[in-house]
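What Swiss-Prot annotates here:
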- CYS278-CYS335: disulfide bond (DISULFID)
- CYS454-CYS478: disulfide bond (DISULFID)
- CYS534-CYS587: disulfide bond (DISULFID)
- CYS612-CYS615: disulfide bond (DISULFID)
- ASN60: N-linked glycosylation site (CARBOHYD)
- ASN435: N-linked glycosylation site (CARBOHYD)
- ASN549: N-linked glycosylation site (CARBOHYD)
- ASN604: N-linked glycosylation site (CARBOHYD)
- ASN664: N-linked glycosylation site (CARBOHYD)
- 165-229: region 'Interaction with gL' (REGION)
- 1-18: signal peptide (SIGNAL)
- 19-682: topological domain 'Virion surface' (TOPO_DOM)
Amino acid sequence: MQLLCVFCLVLLWEVGAASLSEVKLHLDIEGHASHYTIPWTELMAKVPGLSPEALWREANVTEDLASMLNRYKLIYKTSGTLGIALAEPVDIPAVSEGSMQVDASKVHPGVISGLNSPACMLSAPLEKQLFYYIGTMLPNTRPHSYVFYQLRCHLSYVALSINGDKFQYTGAMTSKFLMGTYKRVTEKGDEHVLSLIFGKTKDLPDLRGPFSYPSLTSAQSGDYSLVIVTTFVHYANFHNYFVPNLKDMFSRAVTMTAASYARYVLQKLVLLEMKGGCREPELDTETLTTMFEVSVAFFKVGHAVGETGNGCVDLRWLAKSFFELTVLKDIIGICYGATVKGMQSYGLERLAAVLMATVKMEELGHLTTEKQEYALRLATVGYPKAGVYSGLIGGATSVLLSAYNRHPLFQPLHTVMRETLFIGSHVVLRELRLNVTTQGPNLALYQLLSTALCSALEIGEVLRGLALGTESGLFSPCYLSLRFDLTRDKLLSMAPQEAMLDQAAVSNAVDGFLGRLSLEREDRDAWHLPAYKCVDRLDKVLMIIPLINVTFIISSDREVRGSALYEASTTYLSSSLFLSPVIMNKCSQGAVAGEPRQIPKIQNFTRTQKSCIFCGFALLSYDEKEGLETTTYITSQEVQNSILSSNYFDFDNLHVHYLLLTTNGTVMEIAGLYEERAHVVLAIILYFIAFALGIFLVHKIVMFFL
């Protein structure tokens, strides 16, 4: 259907001065004409500050045909629209019956009783908060002014720049459509601009004559379209380094749910960061595509909320989606220094904080996995309004402790557990990055457990995920551990040797893993540990094990001012290994804690399953050639029994040693196990031998008299 609208502005002269008293509208739709007269005073009441002169200039109805034709020729036209049949998912689930409906502008304590109470947030107030800012969506600059009328509206945006201001990207969005604009200034000072517009076809902004969307649309499926707006000259310039796969970009944007799409983009950014793409970003197809996809991730959440109209949005969906956006916002801030304005609801943040106040954080680990993840997402989303930080990190630690206690020794994390711990890690990351964590035991325990979970098999699984680009590379406890001994050669020795893994990909995975463990990262700093002040050079530290009342600092030199100093020099052949216990966080007064002590050996270590005599202790294993292998924190009798009843100790391998670190600062090497029930077994054997010997003697005596 072709629509022809002609606005006639009638100027009435009063007392020698021009004033606009009314607007007459003639509307002709396929031969059916209608006429409307709108009093100007009424129009001004609806749209205050509207200037008739500005409207007249913007309409540009006096433009001659030659100028219009020239403008039309400058704008890039697609060779044809790619039509794709795509399934559009139902993103926001139906609200449960009896759900509490919450107005984002009226959140208060007690509005929801707890995590078990179904709840939703009214769409209209929520959408208003997400798109709170007013700005220019469609600017009066070329090439946009050739194609669109100016548009100022409520919006949100993602903005970043590279090379100073020589390259800029802005992803501006309403709840209806997204416009991602690339702007590059060349060395000669020339400016090149290209925009990608994504949204429902019926909601895309109106075009100036003589343009129509079919000539600008690159891809279309059902309700959605992807449009390119630029000039032929600008397109040719961008095409030198930006050749996106528009079909794949469009297909993912349409078919993936908001949360899944945000996770997909997050994974791309994590891999990009690990490859050094944040420190020295390349202006290539991958980087520029990822920029647009970042803004699509934010848009899809806001768009989904807007599509519910006057309905209500399930709170669990909001927690999941905005958790992903929060994590995404953090990484683009770290990676590109990007700014995100809008797409934030103080009502949702307040509601999340109110709900978390009803949860006993220290008992979070006892809940089901689903409730743990829900609570941790709420904790991340509600962080700005939480007020008390230590409680949140206690919840993350409770979940990690529960997972650790039921996790098989030295196995890589399974998918569900990895996801739960990934969600919880962002409560910890935020506190570390914002420097709000005090010297409390929760963070020390969290990092100790993360260190214990960072086994050789876990490292191998993460390297496999990084090499293949799967989600297992997205998160590992190693990233938040207190292991500082992982060198490139050591990681290569732990990498899986599989035919399906390309060696170049494995090498890149190792480099990425090392980049993630960089000491320059805030989450890798040990400043919050009280014993940190006893370390003069962190680059010599191999591992830190914070136990109750004592922190063990394992290093390659003896320059740690601990309460004592142990050396494994008699067995550790390749390099020095020193263990410095810092008892009650008190450093030694001198430069070092005296001469190193030799570590005593226990040849017959009693194996017991009756009581947890080793609870609170740690076991540390190391190889004479490869160095530190892993540490195990004994948290419960179940963990202790699992260690003693498994193949944890391999005493046949004379190159591997096992050290027991106790809570009083003592270090012992376990060189053999003694079964507590061995004397019983020995007595039974001796009794059987004596019985057999007695039978034999009776037999001989009887035979002698026969």
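Cβ coordinates are placed from backbone N, Cα and C, and glycine is handled just like the others.
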Spatial separation of ASN664 (N-linked glycosylation site) from CYS478 (disulfide bond) - C-alpha basis, Å: 27
Same chain, 6+ residues apart, C-beta under 8 Å of the C-beta of CYS278 (disulfide bond), given in sequence order: LEU272, ILE334, CYS335, TYR336
Helix, strand and coil counts within the region 'Interaction with gL' (165-229) (DSSP): 6 helix, 38 strand, 21 coil
Chain-internal residues, separated by at least six, CB under 8 A from CYS615 (disulfide bond): ILE634, THR635, SER636, GLN637, GLN640
Nearest of the recorded positions (CYS454, CYS534, CYS587, CYS612, ASN664) to ASN549 (N-linked glycosylation site) - Cα to Cα: ASN664
C-alpha spacing of CYS612 (disulfide bond) relative to CYS454 (disulfide bond), in angstrom: 24
Listed glycosylation sites (ASN549, ASN664), ranked by Cβ neighbours within 10 Å, top entry: ASN549
Intrachain C-beta neighbours of CYS612 (disulfide bond), sequence separation six or more, cut-off 8 angstroms: ILE634, SER636, GLN637, GLN640
Local confidence of the prediction over the topological domain 'Virion surface' (19-682), expressed as mean pLDDT: 85
CB within-chain contacts under 8 A for CYS534 (disulfide bond), separation at least 6: ILE553, VAL560, ARG561, GLY562, SER580, VAL582, CYS587, SER588
Site with most surrounding Cβ atoms, counting all protein chains shown within 10 Å, from the disulfide-bonded residues CYS335, CYS454, CYS478, CYS587: CYS454
CYS335 (disulfide bond): secondary structure state under DSSP, collapsed to three categories: helix
